[in-house]
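Summarising the annotation, TrEMBL assigns domain 'TRNA-binding' to A:42-157. Residues or ranges marked as domain 'B5' in TrEMBL: A:419-493. Positions annotated as Mg(2+) binding site by TrEMBL: A:D471, A:D477, A:E480, A:E481. Under the heading domain 'FDX-ACB', TrEMBL lists A:747-840.
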Amino acid sequence: MRAPLSWLREYVELPAGETGRDVQAKLISAGLEVETVEQLGAGLKGPLVVGKVLTIEELEGFKKPIRFCTVDVGDANGTGEPQEIVCGARNFAVGDKVVVVLPGAVLPGDFQIAARKTYGKTSHGMICSGEELGMGDDGSHGIIVLPPEHEAGTDAIELLELVDEVLDIAVTPDRGYALSLRGVAREAAIAYGVSLRDPALIDVPAPNAFGYPVKVADPVGCDRFTARTVTGLDPEARSPIWLQRRLQKVGMRPISLAVDITNYVMFELGQPLHAYDRSRLDGPIGVRRALPGEKLTTLDDVERTLDPEDLVITDNSGAIGLAGVMGGANTEIAAPATDPETGAVSGTTEIVIEAAHFAPVAIARAARRHKLASEASKRFERGSDPLATSAAAQRAVDLLTGLAGGTADAGVTEVVSPSAPRTVSMAADHPDRVAGTEYGRETVVRRLQEIGCDVYGSDELIVTVPSWRPDLAFPNDLAEEVIRLEGYETLPSTLPRPPAGRGLTASQRLRRRVGRALAGAGYVEAPSYPFVGAEVFDHFGLDADDPRRRTVIVANPLSDTEPGLRTTLLPGLLATLRRNLGRGAHDLALFETGLVFRPTGDETVPPRLPVDRRPTDEEIARLQEALPGQPRRVGVVLSGARERAGWWGAGAPATWADAVEAGRTVAREAGVELIVRQDQHAPYHPGRCAALYAVVDGAETLVGNAGELHPRVTKALGLPERTCAMELDLDQVERAGGARPTGPRVSTFPVATQDVALVVDTAVPAADVERALREGAGELLESLRLFDIFTGEQIGEGRKSLAYALRFRAPDRTLTADETTAAREAAVAAAHASTGAVLRGA
Amino acid sequence: MSAPNKSYDPVEVEALKPEEIERMRDAALAAIAAAGDLDALAHVKTAHTGGASPLALANREIGALPPQAKAEAGKRVGQARGAVNKALAGRQAELEAERDARVLVEEAVDVTLPHDRRPAGARHPLTTLSERIEDIFVAMGYEVAEGPEVESEWFNFDALNISVDNPVRSEQDTFFVQGADGTEDSGVVLRTHTSGVQIRSLLDREPPVYVIAPGRVYRSDELDATHTPVFMQVELLAVDEGLTMADLKGTLDHMVVSLFGEGMKTRLRPNHFPFTEPSAEMDMVCYVCRGDSVGNPDRPCRTCSSEGWIELGGCGMVNPKVLVACGVDPRKYSGFAFGFGIERMLMFRHSVEDMRDIVEGDVRFTLPFGMEI
Ligand SMILES: [Zn+2]
């Protein structure tokens with residue numbers, strides 16, 4: 001909402017010298033978001049005067065038509081002689097009144113005016129267009145031609161109200177009344193503690209039976225409809241300068257007197273009006289819901305198919321307007337047209353004014369449905385003042401009769417569905433209790449009265465809210481009014497005392513540890529967008545029925561190629577990896593923790609639950625059933641060197657083993673020992689893929705995978721060969737962990753070390769051999785470590801030798817050589833039994 | 001060793017003559033002093049103190065002396081050997097010190113060599129900033145609450161008094177999940193704020209409820225320098241008996257002081273949200289210029305555009321309608337809530353100029369933030 005300060009001053013006596021910025025500050029602290037203060041005519045300096053065109057000489061021989069004019073500027077040039085001016089515009093004739101800027105003046109944009117030679121003549125000034133004067137678009141794109149009554153030499157800066165300040169206010173949806181000068185003025189009056197001259201307080205005639213007939217078939221959608229008729233309008237009448245200027249300042253383009261007047265009244269009072277050409281109306285005006293398939297061509301010349309929920313204005317011919325949103329083309333006010341033969345001007349001479357109140361929701365829905373947000377719908381959907389219709393219609397009638405020579409018809413139509421004033425009861429100290437400070441009853445009552453409420457009662461206040469404040473319905477709404485008018489800045493600053501808390505949950509602490517552990521291990525956290533498309537799963541080489549292909553689909557995705565939500569973290573991580581590589585990075589290790597979205601297949605449409613009570617547990621469960629599974633995952637990707645080469649020696653490339661180790665790093669933070677098994681699982685290399693298991697609730701459960709990506713996958717994704725990845729279900733890992741470790745007894749007896757080299761088939765997983773050794777070695781085994789793997793002729797084709805260091809120790813004694821040997825032999829025997837391992841060289 | 005011989009005359013034993021012992025001692029001392037390195041000294045040691053050395057041999061002869069002569073001869077030889085051993089130890093220490101000094105010099109390295117063998121890692125500043133904010137409130141007794149990112153409309157909108165006609169429930173603002181049968185009316189959305197978590201908290205717990213809800217949220221905006229369709233939010237909810245707007249203000253003040261340092265404060269400006277009443281926009285003093293840039297064109301501030309204040313987010317007193325929808329009696333309890341975006345906070349707290357740097361995962365952006373923020 002744009003509010004010119006000059007217009008505002010008409011209703012509020014602001015202190016003299018108060019600037020737009022001052023008013024802005026006051027209004028902001030009262031809760032009107034004045035975003036900017038536009039300085040109209042900033043830097044403008046005269047002389048800028050009304051001129052009368054005396055002669056026009058067309059100059060020939062230039063690329064564009066040029067006129068050499070003499071203009072009477074009265075005494076403004078000091079001599080009274082005609083002013084010689086060269087002008088490129090053509091929309092004026094001898095005798096027209098124009099705006100002339102004389103040498104020495106400065107136009108907006110620091111445009112200095114001086115006499116200058118041009119087109120072979122000397123131009124002593126300029127004939128001005130609206131644009132050059134910073135007046136905004138007047139639609140003419142030519143110079144300004146003024147109504148003939150203005151005297152040559154008159155100061156045009158004042159005449160055109162060129163210097164002004166305009167407040168631009170962002171109005172929140174609850175405060176539709178502020179979409180009018182009347183509403184802004186009310187706030188300004190309160191902010192300055194002065195009285196308001198309410199432009200809606202005007203005399204209106206009582207309704208009678210001989211106004212234009214109106215039948216409201218839907219009193220819910222339209223509870224008030226005022227119709228007034230004005231006849232005998234002069235089709236040639238133009239909007240006066242002051243009217244045009246005010247419309248320009250609020251951002252509207254002057255169009256024709258009748259339309260300008262309806263717009264003017266809308267900005268003044270907040271009541272949208274519609275003007276019908278009475279000669280084009282066929283029978284009574286009606287208000288009803290649209291019929292299925294009904295069509296209407298709106299003023300913007302778009303034919304629209306109406307929805308049965310749309311509220312329409314009708315006459316005998318059918319729909320003539322989309323109520324509260326936009327009128328129809330068939331009853332539009334005719335633009336004045338001049339008969340080329342006779343010179344007679346024809347146009348609309350009889351107008352029916354509509355001033356109605358429509359249900360906000362009906363208008364909001366229609367505007368959205370037809371993607372037609374108009375100045376009218378903007379006001380109706382926020383709730384207009386239902387009691388302003390007759391005053392607004394009267395204002396329009398007054399302006400039409402005053403400016404267009406019309407006669408007000410004595411008929412006054414008012415269709416009203418009776419409604420009682422709305423009251424809210426509120427404890428007098430409620431605002432105090434909401435704010436946490438003491439205003440006192442007197443202040444509360446005064447503030448409520450200032451915004452237009454009637455207040456009764458002592459401890460319990462009965463508050464009748466004003467008709468223009470449909471947003472005031474509950475005690476807190478009233479408390480807000482009191483608090484904002486007293487100033488949010490006066491609120492004290494206190495701290496509540498919550499009950500003692502229990503800190504982060506185990507899961508939250510785990511997530512932080514995992515993040516730190518991975519970052520400590522050289523991984524950089526890289527959260528990615530969760531949007532995916534089918535293509536990445538093709539690149540991953542997933543089977544057609546792979547569950548990861550079944551994604552939650554976004555109905556209105558940002559990109560049509562990525563309508564799904566991730567079912568794995570890898571697509572996002574790999575895309576981030578590629579982006580980094582593309583920017584010249586190498587040796588990358590990234591990680592992400594976040595939710596993935598796994599449809600259960602059993603999702604139901606959730607019930608539409610009420611909000612006037614707590615939902616039952618069963619209802620909450622049904623809301624929950626509508627949602628997909630959303631487990632939390634952690635993933636890593638690696639490419640390039642894990643350890644760089646340097647002066648210290650060779651580096652080490654990132655391998656599948658680093659990926660598996662990342663999984664172990666995560667699990668370790670949860671106190672979980674991962675069980676690693678060989679696996680074949682897209683998008684991993686079939687020979688370099690680990691399945692990661694953990695014991696969850698007593699059962700070995702697959703919790704993730706790690707390994708090197710399949711060469712086809714890296715190629716398809718444009719990634720370096722040997723790119724590695726790991727992904728774990730963090731929720732599952734968390735469930736697998738959590739056991740409180742018992743403090744180990746630290747033995748101080750000496751350790752006995754035994755090395756064994758075991759030969760097994762290449763296909764035997766080292767993990768199996770290790771597990772068997774541990775089991776066989778028994779309690780004396782303190783630790784076991786694989787320190788070498790050997791293959792070669794000595795071992796034999798298809799065989800490998802695994803060398804382990806076993807450390808034995810007893811808690812209570814020094815082990816004898818026999819005990820140690822026996823334990824080692826038991827370990828080897830167990831390995832032999834379960835994996836066929838034999839001692840190397842045996 | 002020879003057996004004592006009573007008939008033996010010590011004077012006759014050449015090796016035990018005082019001058020002879022002196023000579024042996026002096027020869028040893030001279031050799032020790034002349035030993036140039038530890039190897040040479042080892043040879044000298046063997047030659048002059050070993051079993052076959054003259055002094056050792058002389059010592060052996062003492063036993064052959066008559067008892068009256070033994071003491072004197074023993075004393076003489078003992079003194080000589082003591083002097084030699086002492087000189088030997090002294091020289092040994094000297095030579096070891098020399099060697100150590102030389103070797104340590106030889107072993108010196110260039111400690112300024114870089115050692116970037118294992119590239120460093122880092123956590124994302126959105127995570128660490130969120131944690132930092134969580135910690136402020138956890139320290140006050142709040143719990144950190146979480147909930148699903150794909151959320152039902154009832155939790156995301158209805159329960160928060162956001163009616164079906166509110167424009168935020170349009171495709172311009174909200175991502176809607178397609179229903180199982182391909183319909184758009186699945187009743188499920190990508191949450192547009194973490195307020196659904198507040199509702200869940202109120203349903204899960206009996207008041208008093210003090211929770212902070214950080215998390216990812218979604219709005220259908222295109223990514224540009226100041227917008228991202230996926231962002232992090234922190235929301236706070238407190239529901240208790242007698243909570244006031246002053247408590248809200250104090251809580252906000254405490255937060256900005258904790259995050260930005262002493263002297264920081266907030267400002268509330270009236271605004272409108274369906275889920276709070278009264279509602280406010282919250283600003284904090286610009287922590288860069290502390291307001292000094294206002295009306296001071298010589299010292300403009302880019303962080304706050306010389307406004308002196310930075311807009312943080314929305315807040316207010318929980319709308320009693322929201323409490324009713326959660327089964328909390330608004331006559332007994334009141335509450336306050338606020339929410340803001342972590343990205344924006346990160347941008348002005350750490351002078352990040354482009355949103356894309358925050359969301360694109362470029363390691364060059366993330367690494368400087370390290371482990372905590
Ligand atoms: Zn600043």
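Every residue, even glycine, has its Cβ placed from backbone N, Cα and C.
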Within the domain 'B5' (A:419-493) only, compute the mean pLDDT. 95
In chain order, residues whose C-beta lies under 8 angstroms from the C-beta of A:D477 (Mg(2+) binding site), counting only those at least six residues away in the same chain, are A:V424, A:D471
Nonlocal neighbours by CB distance (under 8 Å) for A:E481 (Mg(2+) binding site), same chain, sequence gap 6 or more: A:R447, A:L448, A:I451, A:L472
Among the binding-site residues A:D471, A:E480, the one whose Cβ has the most other Cβ atoms within 10 Å is A:E480
Looking only at the domain 'FDX-ACB' (A:747-840), how are its residues distributed among DSSP helix, strand and coil? 34 helix, 32 strand, 28 coil
What are the DSSP helix, strand and coil residue counts for the domain 'TRNA-binding' (A:42-157)? 2 helix, 47 strand, 67 coil
Going by DSSP, is A:D471 (Mg(2+) binding site) sitting in a helix, a strand, or coil? coil
Reduced to three DSSP states, the domain 'B5' (A:419-493) has 31 helix, 13 strand, 31 coil
